[in-house]
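**Student:** From TrEMBL, here are the annotated features:
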SIGNAL    1-26  signal peptide
DOMAIN    1-198  domain 'GH16'
ACT_SITE  86  active site, nucleophile
ACT_SITE  90  active site, proton donor
């Protein structure tokens, strides 16, 4: 999804208030590491860290009940410009009882429209579940509860987000025009407030240090730097495609009348 208009402050604030119920020590870690859109705390440090490759995880409990029209996001972005890079995990709200859709997307130098959307195989509002983005020079891997559901590979002749540092964001916003049944079901404001809870955020990643691509990478366990799909990952990706995938941009000929993006023929 391209950069979007944020929901009214009540939506963004709801997500942060749930987050801020954690002990003070946990709050401090979040405020140092994490960007949450909207001026929701007078002492909130919105500067955030920027990273160039890493592994990022968070546990989330999504909006319960009728969440139609809402979009909950965990993503990285280099900014708002036409040439921005971005890696998205977006959870599209639904009417009570309907499956929740996870939208994964990658933008490189302003080139996006690379969505894979999956029905989650559990109720993400009933309990916390873990969502992970692994981003390195070879591929981008999306995981749900340590199950790999998608990998976006790098090809030397195609755009890939490898030069612009990105910050981590969490947002909850009004996506009525798009999120639920292609915009047919808007937010029911009578159901407000809409609350998303976060915990267990980790970033094992290379921190950008000024310009020129300089980074400071953590010592120790950095398997993510060379992480590619292994046999188990390939099995779970195939399982997710068969059982959960409900939209694949590489099959949307209406959207690409002049031909599919280059990576589609190489997957």
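Note that Cβ sites are derived from N, Cα and C of the backbone, with glycine treated the same way.
The structure displayed is predicted, hence computed values, not measured ones.
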**Student:** Count the other Cβ atoms sitting within 10 Å of the Cβ of residue 90 (active site, proton donor), across every protein chain shown.
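**Tutor:** For residue 90 (active site, proton donor), the count of other Cβ atoms within 10 Å is 23.
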**Student:** Let me know the model's mean pLDDT on the domain 'GH16' (1-198).
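**Tutor:** Computed over the domain 'GH16' (1-198), the mean pLDDT is 79 on the 0 to 100 scale.
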